[in-house]
């Protein structure tokens, strides 16, 4: 199998891609950010209806941009879990229907497996075994990739995901949704050492801390209390103010350092020389800087997906369909 049609509708992006080997011939992404930003987050029912309205035109556009037709397609893949149930149903129904009509083999693809494979699209030297730091709006995990389709979760968040923490802190700072890009932008102009914020740690029953697990709820609460203190002192938090930029920078620095420290420790403990990053937070500039510096001192390698493959997209689902199945 060399050429696949892939569909991704797990949350608020309707994406259809055609992938040949590791070459992305088309990758259509219809974002719903402008719709959901009004509500401060994704509304599941609204997301499902939007997917339903544009899925057919996204499929047609993918074929046009790839300059292919159905006889050129060898198989179909679609995200099957995890995600919003109604949103997933739209993509799965479309994919399965097309598979029946055009007599193409169909495979359901796990969304997180897609993020793991996203790095393959732009980093052909990536081969198992390696450690994947998967950081998104719904998940934060350290995954030992032993082989294609063979995984072991070594660490994960015990509460909020990293991307979710970015969204919640952005809401506290009145920056809107989604929080990741705007915090990253403001942090570049702020002082990352302005505020001391706690790095989340998971205590073990016998004492000490879990070396690979994450926690962001305490950090989020610390930012909330900091914002309340500033407002009680009569200061208004504005998106362009220096204090808002400093909070954004301090928060982002704390998250990036925590993610980096655990990823490096995990890779060293398991004798894994390569760390691959996946998920929307993989686009964060501070995380990329911290990891790039850290691997140099430990003789490790870190590989990032292209920025266009960090957020949800069907190309990564197509890559799983080709490489992993």
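Each position is counted from 1, following the chain as shown.
Including glycine, each Cβ sits where the backbone N, Cα and C put it.
The Fe cation binding site feature in Swiss-Prot is assigned to 111, 115, 312; the stated evidence is sequence analysis. Residues or ranges marked as substrate binding site by Swiss-Prot: 134, 135, 136, 137, 138, 167, 180, 184, 284.
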Count of other CB atoms lying within 10 Å of the CB belonging to residue 134 (substrate binding site): 24
Neighbourhood of residue 180 (substrate binding site) by C-beta distance under 8 A, where only residues 6 or more apart in the same chain count: 163, 166, 167, 170, 280, 281, 283, 284
Cβ neighbours within the same chain of residue 115 (Fe cation binding site) - under 8 Å, at least six residues apart: 132, 134, 136, 278, 279, 316
Other same-chain residues whose Cβ falls within 8 Å of the Cβ centroid of 111, 115, 312, the recorded Fe cation site, in sequence order: 8, 10, 79, 112, 114, 118, 136, 278, 279, 313, 316, 317
Pairwise CA distance, residue 111 (Fe cation binding site) versus residue 138 (substrate binding site), rounded so that it is a whole Å: 11
Number of Cβ atoms other than its own within 10 Å, given for residue 138 (substrate binding site): 18
Distant-in-sequence Cβ neighbours of residue 312 (Fe cation binding site), under 8 Å, six or more positions away: 8, 10, 11, 12, 13, 15, 29, 111, 280
Conformational class of residue 312 (Fe cation binding site) under the three-state DSSP mapping: coil
